[in-house]
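The annotation active site, proton acceptor is assigned in Swiss-Prot to H155. Marked as CDP-choline binding site by Swiss-Prot: N86, E151. Per Swiss-Prot, the feature Mg(2+) 2 binding site maps to D133, D154, D158; the stated evidence is similarity to another entry. Taken from Swiss-Prot, the feature Mg(2+) 1 binding site covers D133, D154, and the record attributes it to similarity to another entry. The N-linked glycosylation site feature in Swiss-Prot is assigned to N144; the stated evidence is sequence analysis. If you look up Swiss-Prot, you'll see T40 marked as phosphothreonine. The region 'Disordered' annotation in Swiss-Prot covers 1-20. Residues annotated as site 'Increases basicity of active site His' in Swiss-Prot, with similarity to another entry given as evidence: E151. Annotated transmembrane segment per Swiss-Prot: 89-108, 116-133, 156-176, 180-199, 210-230, 246-267, 286-306, 315-334, 349-363, 368-388, in sequence order, evidence recorded as similarity to another entry.
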Amino acid sequence: MSGHRSTRKRCGDSHPESPVGFGHMSTTGCILNKLFQLPTPPLSRHQLKRLEEHRYQSAGRSLLEPLMQGYWEWLVGRVPSWIAPNLITIIGLSINICTTILLVFYCPTATEQAPLWAYIACACGLFIYQSLDAIDGKQARRTNSSSPLGELFDHGCDSLSTVFVVLGTCIAVQLGTNPDWMFFCCFAGTFMFYCAHWQTYVSGTLRFGIIDVTEVQIFIIIMHLLAVIGGPPFWQSMIPVLNIQMKLFPALCTVAGTIFSCTNYFRVIFTGGVGKNGSTIAGTSVLSPFLHIGSVITLAVMIYKKSAVQLFEKHPCLYILTFGFVSAKITNKLVVAHMTKSEMHLHDTAFIGPALLFLDQYFNSFIDEYIVLWIALVFSFFDLIRYCVSVCNQIASHLHIHVFRIKTSTAHSNHH
């Protein structure tokens, strides 16, 4: 079964590609399914075939992972066996996003002071996401429901969470008063996540460093709690020896982390891939993925610096979310390319949102840049969701599984 057949089913028929795996769809459900599903399946038959052969490979462990394993094992033991791993992941992501949106609501320019409970909620939301994200794979193995879809879903949620986590951190330390630093921190976060999967696309193995996601998440949780304890005076206070504001300390940590991580990533990338003649796992150039993330960052910098109305300075959260959704989509496409051993194509609807902003500036802001930013934000979010829903549904249909439900017997079982 290639996954192509079920996209032609009539509304009301049994629909194996339904995101939640329900058998019967109402008229409203059918309309939503068409709205959030691409007209043609995103993956070819050859890609689906190679996806079946994919096996998850990882190497290394971070500093806190051995210490957290006991807690994670205890936590997964409390989860009912009928709860699907992907459901655990999406619940954690939803909580993480909702708590960050609270901060965005109260601090749209990342310079305001939010209610103390909003910072506590954001810290708790991130801890919940970190916990649930860590146990989804354990739940998959525990219920014998591991699949390539689970791995893709996990990385896809992480790509979106990264955007909200770095944005929430910038808001917590009120980094909007230093727009250049805020811009750097947010894009450095998404760039590092992309590079992690870039080196996986090259080497075939996802590598974890001594300081990795878990450590960064714990550090960010501490930042939110410090915002509760110290408030604005704490972040505005000066660090004695360095003679800089305290709020720049997380930014300097981001610089150090970016240098450290990217050094390791590019060492793997430039060493050569596992493909023919040192190419990627798909047999393509090891440098080819740079075109995608490079295009996103270049457009983001140009639009930021050329704006006549200080678009980023006045609306940093909307700006970061817009380009964050674009980055999340191309990261997801990179993960799919790795798992299906296929080439990444540069032409993508993800670039339409940034292109609208660029063209509007080129024609001397024929339309208010703020309005175009909202259009780009909505389009980029819709484009991301549409792609993710389509890919997940097609893979679920092909593997004869459900996205958010565990089947009694699982036909395909890989490492999650």
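Every residue, even glycine, has its Cβ placed from backbone N, Cα and C.
Sequence features annotated in Swiss-Prot and their locations in the structure.
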residue: T40; record: phosphothreonine; Cβ within 10 Å: 8
residue: N86; record: CDP-choline binding site; Cβ within 10 Å: 30
residue: D133; record: Mg(2+) 2 binding site; Cβ within 10 Å: 22
residue: N144; record: N-linked glycosylation site; Cβ within 10 Å: 11
residue: E151; record: CDP-choline binding site; Cβ within 10 Å: 23
residue: D154; record: Mg(2+) 2 binding site; Cβ within 10 Å: 21
residue: H155; record: active site, proton acceptor; Cβ within 10 Å: 21
residue: D158; record: Mg(2+) 2 binding site; Cβ within 10 Å: 22
Feature contact check the transmembrane segment (180-199) with the transmembrane segment (286-306), CB under 8 Å, 3 or more pairs: yes
Positions whose Cβ lies under 8 angstroms from the transmembrane segment (89-108), at least six residues beyond its ends: 114-115, 118-119, 121-122, 124-126, 128-133, 136, 153-154, 157, 160-161, 164-165, 167-168, 171-172, 174, 176, 315, 317-318, 321, 404
Rounded to the nearest Å - Cα separation of D158 (Mg(2+) 2 binding site) and the residue listed as 'N-linked glycosylation site': 23
Beyond the site residues D133, D154, D158: chain residues whose C-beta lies within 8 Å of the centroid, for Mg(2+) 2: T89, L93, D136, H155, G156, C157, S161
Best-contacting stretch, by C-beta pairs under 8 Å, relative to the transmembrane segment (156-176) and drawn from 116-133, 210-230, 315-334, 349-363, 368-388: 315-334
Distant-in-sequence neighbours of the transmembrane segment (349-363), which means Cβ under 8 A and at least six residues beyond its ends: 295-296, 299-300, 302-303, 306-308, 311, 322-323, 325-326, 329-330, 369, 372-373, 375-377, 379-380, 383-384
Contact between the transmembrane segment (116-133) and the transmembrane segment (210-230) (at least 3 Cβ pairs under 8 Å, separation 6+): yes
Chain residues outside the transmembrane segment (315-334) and at least six past its termini with a C-beta under 8 angstroms from it: 104, 107-110, 152, 155-156, 159-160, 162-164, 166-167, 170-171, 176, 179, 182-183, 186-187, 190, 193-194, 197-198, 201, 289, 292-293, 296, 299-300, 304, 344, 348, 350-351, 353-354, 357, 370, 373-374, 376-377, 380-381, 383-384, 387-388, 391
T40, N144, H155 screened against N86 (CDP-choline binding site), Cα within 10 Å - retained recorded positions: none
Spatial neighbours of the transmembrane segment (368-388) far in sequence, C-beta under 8 Å, 6+ residues away: 36-38, 42, 156, 160, 307-309, 311, 314-315, 318-319, 321-323, 325-326, 328-329, 332-333, 349-350, 352-354, 356-357, 360-361
Residue pair the residue listed as 'active site, proton acceptor', D133 (Mg(2+) 2 binding site) - Cα distance, angstrom, rounded: 10
Top Cα neighbour of D133 (Mg(2+) 2 binding site) in the set of recorded positions T40, N144, E151: E151
Distance [Cα-Cα, Å, rounded] between D154 (Mg(2+) 2 binding site) and N144 (N-linked glycosylation site): 17
Collapsed DSSP category at T40 (phosphothreonine): coil
